[in-house]
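Feature annotation from TrEMBL assigns ATP binding site to K7, L8, G9, G10, S11, G49, G208, K212. Annotated substrate binding site per TrEMBL: A48, H53, G151, in sequence order. For 3-218, the entry in TrEMBL reads domain 'Aspartate/glutamate/uridylate kinase'. Sequence annotations record features per position, and here TrEMBL assigns site 'Transition state stabilizer' to K16.
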Amino acid sequence: MSLTVLKLGGSVITDKDRPDTLDGEMLDYVADAVGDAQIDDLVLVHGAGSFGHHHASEHGVSKTVGSSDVAAVIDIHGAMETLDQFVLSRLHERDVPAVPVHPFSVASRDSDAELSLPVQQIATMLGEGFVPVLYGDVVVHEGKGVTIVSGDELVTSVARQLDADRVGFCSTVPGVLDEDDAVIPEITSYESVADVLGESESTDVTGGMAGKVAALLELGAPASIFAPDDLTAFLDGENPGTRIDG
Ligand SMILES: Nc1ncnc2c1ncn2[C@@H]1O[C@H](COP(=O)(O)OP(=O)(O)OP(=O)(O)O)[C@@H](O)[C@H]1O
Ligand SMILES: C=C(C)CCOP(=O)(O)O
């Protein structure tokens, strides 16, 4: 069996400039591609877009800055659960057997910020024919209350632990772009692209493209970053966009 881990970028499925606003057309578009895909085992992770980053920013919470305020936990996690419900229902409309895995309820960080994400339930879900769906969320963090765990970190953690065969990031851009906005076909070291990597153009507490590339270089397996137009090609086994191989 071949395992694919795919992240649907929050900037793809939401309108990242308007708080708590779905991009329903794009969500339908990517859900169509997932619904039509012929793949054995699939784990989906979605980002936060305007459902998580605005709330995290309002409460001053990021991957490194924590909060012990229950209202912050409920606000951020609640917004992400709402977005997750939209994602799940669009997938169900296409008969994708998608089931939720709520990171806040299962994951944690230790005092060195090391993420611990149990994957046995995800493996069992796959074995039973489900498509587990995770999402960027708040996560309890030893000594800091809660911090943010990005969908990118969840992808790399699941992919590493379950030895994924293919890892894909569907974002709004066709790949990592160079200074002339051309897609860089392959990245093998952070230094080679550090100058062109920036944060997201919208509110984003998890580091935008720079955070994504850094996380993927540490994965130890190749991963692709591509735009929604290329999602079907990726799910068909091609390697569109930028291939990151640390
Ligand atoms: N060199 C670069 N090439 C491509 N995109 C870049 C680059 N530098 C910065 N970016 C920004 O990074 C964004 C992609 O990162 P972002 O974190 O927003 O993606 P996402 O995973 O789709 O969203 P989310 O984090 O909400 O899930 C692009 O939309 C762009 O604004
Ligand atoms: C801001 C929150 C809650 C999660 C961020 O996840 P990402 O959109 O994958 O970076």
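Even glycines carry a Cβ here, placed using N, Cα and C.
Here the structure is a predicted model, which means the values were calculated and not measured.
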Among L8, G9, G10, A48, G208, the binding-site residues whose C-beta sits under 6 Å from ligand 1: G9, G10, A48, G208
Rounded to a whole number of Å, the separation of the Cα atoms of L8 (ATP binding site) and A48 (substrate binding site) comes to 10
According to DSSP, does L8 (ATP binding site) sit in a helix, a strand, or coil? strand
Binding-site residues K7, G10, H53, G151, G208, K212: those with Cβ under 6 Å from an atom of ligand 2 are G10, H53, G151
For G49 (ATP binding site) and G151 (substrate binding site), the CA-to-CA distance in whole Å is 11
State the mean pLDDT for the domain 'Aspartate/glutamate/uridylate kinase' (3-218). 94
Quick one: what's DSSP say for H53 (substrate binding site), helix, strand or coil? helix
Using DSSP and three states only, what is K16 (site 'Transition state stabilizer')? coil
